[in-house]
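Straight from TrEMBL, the features:
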DOMAIN    3-119  domain 'Response regulatory'
MOD_RES   D52  4-aspartylphosphate
Amino acid sequence: MGKILIVDDSSLIRAVASSAAVEAGHEPIVAENGQEGLDKLAQDKFDLIFSDVNMPVMGGLEMVENIKANDAYKYIPIVMLTTESNPDLKTKGQALGVKAWMLKPFNKKKFFMAVKKLIA
């Protein structure tokens, strides 16, 4: 059982992704924005992170930059879970080390596949 950090400003997405994480046999921890996500990272160890791109306080890509700059967290795989399909944002995410880009609304099958692939 791994711990999955789910960072999204939508309470509905947090609830659906949390439910899917539990169904996949993992423990979800949620955060409402990138800053809260970084705060959760400082408090616990995570095996995988799902994050939205556009959020108040701190967006997902800014959070990814902070994570990848920190030796303690930089190897945690990150999946962007977002409505953003802009190729430039995807390219920026890949350059920062994002492992996958899933579009909302996501289906559980794709979520399960990402979890299985990224959590050994």
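Glycine is treated like the rest: Cβ placed from N, Cα and C.
The DSSP breakdown of the domain 'Response regulatory' (3-119) into helical (H, G, I), extended (E, B) and coil residues amounts to 53 helix, 23 strand, 41 coil.
Around the Cβ of the residue listed as '4-aspartylphosphate', 26 further Cβ atoms fall within 10 Å across all displayed protein chains.
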